[in-house]
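**Student:** Relevant sequence annotations retrieved from TrEMBL are reproduced here:
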- 311-383: domain 'DUF1736' (DOMAIN)
- 499-532: repeat 'TPR' (REPEAT)
- 533-566: repeat 'TPR' (REPEAT)
- 601-634: repeat 'TPR' (REPEAT)
- 703-736: repeat 'TPR' (REPEAT)
- 39-57: transmembrane segment (TRANSMEM)
- 131-151: transmembrane segment (TRANSMEM)
- 163-182: transmembrane segment (TRANSMEM)
- 188-208: transmembrane segment (TRANSMEM)
- 220-237: transmembrane segment (TRANSMEM)
- 286-305: transmembrane segment (TRANSMEM)
- 372-391: transmembrane segment (TRANSMEM)
- 403-424: transmembrane segment (TRANSMEM)
- 430-449: transmembrane segment (TRANSMEM)
- 458-476: transmembrane segment (TRANSMEM)
Amino acid sequence: QVCNQHNAEVANLEQVFHRMAQTEPNLDHDVSWFLLPSYWAKMVVALISFLCFANSYDGDFVFDDSEAIINNKDLRAETPLGDLWHHDFWGSKLSSNTSHKSYRPLTVLTFRINYLFAGGFYPVGFHVINIILHCTISVLMVDVFSILLGGLQFSNKGRRLNLAPKTSLIAALLFAVHPVHTECVAGIVGRADLLCALFFLLSFLGYCKAFRENKEGRNFSIFWVLVSVILGAIAMLCKEQGITVLGLNAVFDALVINKLNVLELFQKLLHKDKSLENAGLLRKGLLFRITLLMSGGATILYIRWRIMGTGPPAFTEVDNPASFADSLFVRAINYNYYYSLNAWLLLCPWWLCFDWSMGCIPLIKSVSDWRIIALAALWFCLIGLICQALCSEDSHKRRILTLGLGFLIIPFLPASNLFFRVGFVIAERVIYLPSIGYCILFTYGFSLLSKQAKKKKILTVAVLGILVINVMRCALRSSQWRSEEQLFRSALSVCPLNAKVHYNVGKNLADKGNQSAAIKYYREAVRLNPKYVHAMNNLGNILKERNELHEAEELLSLAVQIQPDFAAAWMNLGIVQNSLRRFEEAEQSYWTAIKHRKKYPDCYYNLGRLYADLNRHIDALNAWRNATVLKPEHSLAWNNMIILLDNTGNLAQAEAVGREALELIPNDHSLMFSLANVLGKSQKYKESEALFLKAIKANPNAASYHGNLAVLYHRWGNLDLAKKHYEVSLKLDPMAPGTKENYSLLRRKLEQLQKKGG
């Protein structure tokens, strides 16, 4: 029965093709491909898109995920939900001068839901949602491509007809397996692009529903036009590109619903022809619908502008060097070169990189640069396609080419640098939506070749080969996105001149404790970009830890000279100067750091250490108190306060500080240990013993914990327990200071007691 039903549906599809072939050219007519019912086609697309990215499901948080997710307080339950509407994508206030102004509250909301359901920062749930979103979008693309390639027609019952099932399946498969999508799917931060694309497509499909009762374009549903505008607004709240769907809806309306000939319309306007109504502008309600779309778009943009604040985001030269070029010619020529590289990534997505900034693509500064050829090739192709889209006598060709170019160009406009400066050179994630246009043009080209070719099966095998290669490339690239080490190292061969790539490889190695290898990559990052202050700061830190203090000081001094408000570098410079016993300079460096970053608990902590070394005890306590006010869980600052008060004989105050600290950080074993020492000296043996035992339970291999508990028992008169813990302490650390002497005293005392007892 299932087979008969399947055959009946295929037969119906073939009848539709026959009818269409009699009315207008049909792309599927000459294409040798699999003819599947709609639900089977969608299942195939879903399965293949899942296979492409399935191996990224258990990847780590990588690259920008740390800032957008792990360090983003907007994901935590204690942050009010209302804050999401006043913060940017990274959790900073939109009113802040340092904000990137990327306003994506709905994307952040999905991260927050992920975090709450998972009970913490477990990346699996985040990755699974991304994979599901891409599969859903790919399935929707079957419907979208059937409209874009086959036109919009409904049955008498109001059901939309798929007039291009073969070519829409090819285009949807091309979209599903395109390797350039890996960053959006395998990188969790790509959720913004996926959600934006989902609501972008729903907005487009909603707009198409407005014409379900349409008879030659005369009737339409205002409700569905408004729904489309609302869905476009939701898409923009996921990522800024979403607003461009309203422009594409207008283009679709003009070309498909109203069947406008753009060139003919332009000529009529030029000659002030009074027959514009015959062109369908007024008769079919196009102007009214475009007015609705434009009004909705303008309202959304105005609200977005009011929320964003006064000025655009502030980016640096390393983020987008071309935009900082003095010459308009240099800016224009490099922007166009970037467009050609984006086009190349769509055509040949083999060289993929997580970051294309910082010297990855050197600026073109003269017309003698051979890379000008890429610009010429891009514009030669674009102009050729535009001419065909405008001037072709074949209305079917005009429609498909214009829609293909529209979907290729319009969603890319926010990333083009034409309206405002963007914070990147090339970003693979921003061509997720423009790849729809590429898939339309590729599929149309395939259908034209099939029409001319005698051996159609060779073309079919070639397309299948491209799909298989792309699936393999997706799987390989997804595996590279599973960990930062693989991701960063994969970029070395693609962008060897990118200082940021070397910096990230070095940072990853340093985090794993491989300082020697990290130094090599940090030095290369500084060589490639002599003004890379973050690389200088990290390299200076490692050299400081290796006691290479003079070189560390040189690097950190240069970093703050290049960027005077770099608070972290000022603090690290202060630490180095403190180690070199240049205390006045160190104090000045710490205060400069605090001047540039008011809330800097770690700097107050280090300032406190400096004052303690100088025996300025009150200043030290004040500095550490400031650190704990700014960061109540700053365990080291609490500990140092307790120890300093203990060492200076202020036992009551030390006890009060210790109890306050443990209320805030109840499971910190180092605080338990410090307070236990104070209580032991105050002869509160029972309470001291309980804290020592609790600290030992949390950290059983700390020799000092056992040693100090043994001292407590020794004072208390519990000599057997004292002997036991002295022995454990010496076993863990045979060179533990004071423990050997105390153990010897205890043994002599035990021997004396045995002699007396004997």
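Using N, Cα and C of the backbone, Cβ positions are placed for all residues, glycine too.
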**Student:** Check the repeat 'TPR' (703-736) for me and report the mean pLDDT.
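**Tutor:** Mean model confidence (pLDDT) across the repeat 'TPR' (703-736) is 88.
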**Student:** Counting only residues 6+ away from its ends, which parts of the chain sit with a Cβ under 8 Å from the transmembrane segment (430-449)?
**Tutor:** 27-28, 30-31, 141, 144-145, 148-149, 167, 170-172, 174-175, 178, 180-181, 184, 190, 193-194, 196-197, 200, 241, 244, 342, 345-347, 385, 400-401, 403-409, 411-412, 414-415, 459, 463
**Student:** Does the transmembrane segment (39-57) come near the transmembrane segment (188-208), with 3+ Cβ pairs under 8 Å (pairs 6 or more apart)?
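**Tutor:** Checked: the transmembrane segment (39-57) vs the transmembrane segment (188-208), no contact.
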**Student:** Using a Cβ cut-off of under 8 Å, list the residues of the same chain at least 6 residues beyond the transmembrane segment (403-424) that approach it.
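**Tutor:** Tertiary neighbours of the transmembrane segment (403-424) are 100, 148, 200, 240-241, 243-245, 247-248, 251-252, 255-256, 312-313, 315, 319-320, 322-323, 331, 335, 338-339, 342, 356-357, 382, 385-386, 389, 430-431, 433-434, 436-438, 440-441, 444.
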**Student:** Thinking of Cβ pairs under 8 Å, which stretch from 163-182, 220-237, 286-305, 458-476 has the most of them with the transmembrane segment (131-151)?
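**Tutor:** When the Cβ pairs under 8 Å are tallied, 163-182 comes out ahead.
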**Student:** Among 188-208, 220-237, 286-305, 458-476, which stretch has the highest count of C-beta pairs below 8 Å with the transmembrane segment (163-182)?
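**Tutor:** Most Cβ pairs under 8 Å with the transmembrane segment (163-182) come from 458-476.
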**Student:** Against which stretches of its own chain does the transmembrane segment (286-305) lie, if we need a Cβ under 8 Å and a gap of at least six residues from its ends?
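**Tutor:** Counting only partners 6 or more residues beyond its ends, the transmembrane segment (286-305) has Cβ contacts under 8 Å with 103, 210, 217, 220, 222, 225-226, 228-229, 232-233, 236, 243, 246-247, 249-250, 253-254, 257-258, 260, 280.
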**Student:** Other than its close neighbours in sequence, what residues sit by the repeat 'TPR' (703-736), given a CB gap under 8 Å and a spacing of at least six beyond its ends?
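**Tutor:** Residues packing against the repeat 'TPR' (703-736) from afar: 669, 673, 676-677, 680, 685, 688-689, 692-693, 695-696, 742-743, 746-747, 749-750, 753.
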**Student:** Which sequence-distant residues neighbour the transmembrane segment (188-208)? Criterion: at least 6 residues beyond either end, Cβ under 8 Å.
**Tutor:** 61, 63-65, 68-69, 89, 104, 106-107, 110-111, 123, 126-127, 129-130, 133-134, 136-137, 140-141, 143-144, 147, 152, 160, 224-225, 227-229, 231-232, 234-236, 238-239, 241-242, 244-246, 248-249, 252-253, 411, 429-430, 432-433
